[in-house]
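Novice: Structure provided below as structure tokens; questions to follow.
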Amino acid sequence: MGICCVYVVFIAANVQSVANIHIKEMGIEIYMLIFLIPLILINWIKDLKRLAPFSTAANAITLVSFGIILYYVITEKPSFDNKELVGKAENIPLFLGTVLFSLEAIGVIMPLENEMKTPKAFGGPLGVLNIGMGTIVFLYLGMGLLGYLTYGHAVEGTITLNLPKEDVLAQVVKVSLALAIFITYGLQCYVAVDITWNGYLGPKLEKNSKKVLWEYVTRTVLVLITFGIAVLVPALDLFISLFGAFCLSALGIAIPAAIETCTYWYSRSGASFYIMLIKNLALIIFGICGLFAGTYSSLRDIIKEFS
């Protein structure tokens, strides 16, 4: 759900950046409200396989936009001059929160594998997961480094907001990426819907004559929740860090390590058991530290930003 909240802010911020040039300036909350109904409608799509073509289209849009952004960044001549090679220690929790948000896909990994035509192709050294995540890490490292070397501390929560506002091509990129994120909103919300409806409410309303109606109500309420949180905290960079630290440090690091330990506690022995135990204890400690330190730092900066 946290990712969906960030998506709402991202869509509104990029569209606002373009629209405010051509029409009367409006606050980001107005643009969130404009996209509320379309987000509800796309979240009404029930079958994950029906979302796959939309996700493919979004990936294509993202790749093209990535190339255009890279062009702008390189033409601005990235430089190490007046750039801090090492950041402040107090910002490490914010950094970890942002990294966890960027790389963590714990919410869609299991549903994606289950819905694949050949689930065995998902894992393995050259499986879908490793190839996909390897590509993402490479792209994030490259864009993050070049973006910082170009814009320094003036870089925005999303680098699209640093592009020339009057340039038509830059405006096209912003709108295109907003569209790509909008398309994949339903995919990110799929797990929340699956747990809330299929895991809890659906079975209880099995004999209800208005079951279908209540399912649409549930899907609508989940969108309204993400919309409400996004309106309360429209600072994209701080929101990303807060969600990464608060949710993903536990869901993506600590809890999986604890589950693996419990699962193989009796079936493993000898050196493999102790290696697993030491590794998972380290991950649990790291995840818990990231949870508290990152959440504290993010909340502190959010309070400072809006006070």
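The backbone N, Cα and C atoms fix where each Cβ goes, glycine too.
So TrEMBL has the following annotated:
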- 2-298: domain 'Amino acid transporter transmembrane' (DOMAIN)
- 27-45: transmembrane segment (TRANSMEM)
- 57-74: transmembrane segment (TRANSMEM)
- 94-112: transmembrane segment (TRANSMEM)
- 124-148: transmembrane segment (TRANSMEM)
- 168-193: transmembrane segment (TRANSMEM)
- 213-233: transmembrane segment (TRANSMEM)
- 239-259: transmembrane segment (TRANSMEM)
- 271-293: transmembrane segment (TRANSMEM)
Novice: What stretch in 27-45, 124-148, 213-233 has the biggest tally of Cβ pairs under 8 Å against the transmembrane segment (57-74)?
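Specialist: Per the Cβ count, the answer is 124-148.
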Novice: Who are the chain neighbours of the transmembrane segment (168-193) in space, where the CB to CB distance is under 8 Å and they lie at least 6 residues beyond its ends?
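Specialist: Residues 1, 3-4, 7-8, 10-11, 14-15, 17-18, 21, 35, 38-39, 42-43, 45, 48, 51, 54-55, 57-59, 61-62, 64-65, 68-69, 72, 107-108, 111, 160-161, 218-219, 222-223, 226 contact the transmembrane segment (168-193) from elsewhere in the chain.
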Novice: What same-chain residues lie close to the transmembrane segment (27-45): Cβ under 8 Å, and 6 or more beyond its ends?
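Specialist: Residues 8-9, 11-13, 15-16, 19, 51, 182-183, 185-186, 189, 193, 216, 219-220, 222-224, 227, 230-231, 234.
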